[in-house]
Amino acid sequence: MNALLSNPFKRGLLRGETQIGLWLSSTSSYMAEIAATSGYDWLLIDGEHAPNTIQDLYHQLQAIAPYASQPVIRPVEGNRSLIKQVLDIGARTLLVPMVDTAEQAREVVSATRYPPIGSRGVGAGVARAARWGRVENYMAEANDELCLLIQVESRTALENLDAILEVDGIDGVFIGPADLSASLGYPDDAGHPDVQRVIEQSIRRIRAAGKAAGFLAVDPAMAEKCLAWGANFVAVGVDTMLYTQALDRRLAMFKSDSAQPQEKTSY
């Protein structure tokens, strides 16, 4: 195994280890490197809701590379061409949002693997991931080391969860709390008891199927719940939210008329 392609995050999931992560939404390679020095097991670079370009994602991968924290990229959608670009710039772990059916899951699996087992386009000679053609046996090893996580975040996805979990090539399933709570009729209220019950049941179903289960919890108490339910890759904060909260707390120390800092419990 070429060390450049080795995926410690995937290895940790296979061993059943609990890995704690942080969401990166600032689009800044400088902020990404600061986060990488903190010691989180994984760092999610958000290309869905944060205004990241492919170049932005590329620069953040470069910034994180010297450190132990493992990057995970979330593309804006499970588009085949977009997935190809993200993998070519060096992503080894993807979190693909809005997967509602087993058929969608199979399409994403295919897009992330080279032929004959998938349909990923071949361009290793111009790809950072293959060090511009210098990594021997790149295509076979890239298939083996790719870690694919998908997001289940709608009522439809929950109805299809068992079928999704049977799809080969998926390493983990991530429960998207914000979109899921909205889909269930509780927008911006992932803490509602009905939503909490569904989250717990889903995490337990995912783990029972032999897959890793993931979650984003900006509320530490919710993170602890998810870990207790069996989630084993959990993001415990969002960089932009932590930054705004710290700014508000500091200002409130010196200006009595400033707005009191609010601790959000949802993303």
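Cβ from N, Cα, C; glycine included.
The active site, proton acceptor annotation in Swiss-Prot covers H49 and rests on sequence analysis. A simple way to gauge crowding: the CB of H49 (active site, proton acceptor) has 14 other CB atoms within 10 angstroms, across all the protein chains here.
Residues annotated as site 'Transition state stabilizer' in Swiss-Prot: R74. Mapped onto three states, the DSSP output places R74 (site 'Transition state stabilizer') in strand.
There are 21 other Cβ atoms within 10 Å of the Cβ belonging to D88 (site 'Increases basicity of active site His'). Residues or ranges marked as site 'Increases basicity of active site His' by Swiss-Prot: D88.
According to Swiss-Prot, the substrate binding site annotation covers Q151, A178, D179, on the basis of sequence analysis. Taking all protein chains in view, 19 other C-beta atoms sit within 10 angstroms of the C-beta of D179 (substrate binding site).
In sequence order, P97, M98, I175, G176, P177, A178, D179, L180, S183 are the residues near E153 (Mg(2+) binding site), counting only same-chain partners six or more apart with C-beta under 8 A. Annotation source Swiss-Prot lists Mg(2+) binding site at E153, D179, citing sequence analysis.
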Of the recorded positions listed as R74, D88, Q151, the one whose CA lies nearest the CA of H49 (active site, proton acceptor): R74
Under 8 Å by Cβ from R74 (site 'Transition state stabilizer'), counting only residues of that chain that are 6 or more apart: L44, I45, D46, G47, E48, L94, L95, V96, P97
Cβ-centroid neighbours of substrate site Q151, A178, D179, 8 Å, sequence order: P97, M98, E153, S154, G176, P177, L180
Secondary-structure category, per DSSP, in which D179 (substrate binding site) falls: helix
